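Here the structure is laid out as structure tokens; the discussion comes afterwards.
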Amino acid sequence: MKKYNRIFTIVIDSLGIGGMPDSMEYGDKGVDTLGHIAESVEKFNIPNLEKLGISNLHPIKHVKAAEKPLAHYMKMKEASVGKDTMTGHWEMMGLHITKPFQTFTDTGFPQELLDELTKRTGHNIVGNKSASGTEILDELGEHQMKTGDMIVYTSADSVLQICGHEETFGLDELYRCCEIARELTLKDEWKVGRVIARPYLGSKKGEFKRTSNRHDYALKPYGSTALNTLKDNGFDVISVGKISDIFDGEGITESNKSKSSVHGMEQTLEIMDKDFKGLCFVNLVDFDALWGHRRNPVGYAEEIEKFDIKLGKVLEKLKEDDLLIITADHGNDPTYVGSDHTREFVPFIAYSPSMKENGLMDTVDSFATIGATIADNFELKMPENTIGKSVLEKLV
């Protein structure tokens, strides 16, 4: 018998809680996204995360351990190889990624790929290096507006990103070019996890801003996930933010794009008013995109505080047969060197108004605990060749 009719899983993108045992192998010595954020500010007001037990799970400055935490909580290790968005989310829903997605961080993309992209799109290409979005626009935004050239760049992730000015290049044209790039990068030697359309507005260097019309063209998951199992058995799988893009729409019954993390939480609150049975799967990307990669711990702290305010409203709306799970997909310590993700434990914080118990659970060896627990709740078997063990029976 189902314990919960609705499960809300919220991914605070990149909110790691300390380096994993193998983090040194990824160049991530001493990382701690949440801990170092708290140490970087004079005050850190997150009363709702506090009462759920965030500082009981991972003691941090300015935030007290709750005497009677409301939630069950534990740390999750990443079983897969990698520390990127797709690996983290795919593992949550049961996939074990044993071969990391290919990156072009140090080399840029092969000339043969760029030549083919130019031939197919009709646009010359500039950039072709690893850079932050703000840097590449400051450097090449004006040039692109004048010439119609495509800005192509990458990052520490397995991504090919294309920038286009919404007014001079055009959104439809940008999407067309990205679809061609996605087709080309399905070849093994050029394969990337995602092609990302990065539209922007503004008229000169220093004023360019990326817009919310971003679109991700992801690889399809390598196998069936918990999302497919839910959908195939008639349950709702409602996505918020970039979840649908990450899974290339696989297993999703309703997709809601977000303009910001605050907007994503507002969408979640609206979905809570709906009568559905199944999963609402939320990704809040601003933590990672605006603050983690840009190494801004103060901005990151403020974003968490904004989230906490909305979280309070979510807690008020939860029904007795609702379950809330708060987690993350990787770390991105904004005090660490470089601009890359960091290999960290992530939180598993589970709460329902019907829970009679609470407290610390043993660390688990995979993010896939989430997908397995969700499937178990709806009395479904996880697909073949997936990983993860349910902790549903402990959520009492």
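In case you wondered, yes, glycine gets a Cβ from its N, Cα and C as well.
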Candidate sharing the Mn(2+) 1 site with ASP329, HIS330 (per Swiss-Prot), from ASP13, ASP22: ASP13
Same-site residue for Mn(2+) 2 (record: Swiss-Prot; known: ASP288, HIS293; options: HIS263, HIS341): HIS341
Shell of the Mn(2+) 1 site beyond ASP13, ASP329, HIS330, same chain only (C-beta within 8 angstroms of their C-beta centre): VAL11, SER14, LEU15, GLY16, THR85, GLY88, HIS89, ASP288, ALA328, GLY331, ASN332, HIS341, VAL346
Least surrounded among the binding-site residues, given as ASP13, ASP288, ASP329, when other CB atoms within 10 Å are counted: ASP13
Lowest local Cβ density among HIS293, HIS330, HIS341, which the record lists as binding-site residues, within 10 Å: HIS293
Integer Cα-Cα distance in angstrom, HIS341 (Mn(2+) 2 binding site) to HIS330 (Mn(2+) 1 binding site): 7
Integer Cα-Cα distance in angstrom, ASP288 (Mn(2+) 2 binding site) to ASP13 (Mn(2+) 1 binding site): 6
Where ASP288 (Mn(2+) 2 binding site) sits in the secondary structure, as DSSP reduces it to three classes: helix
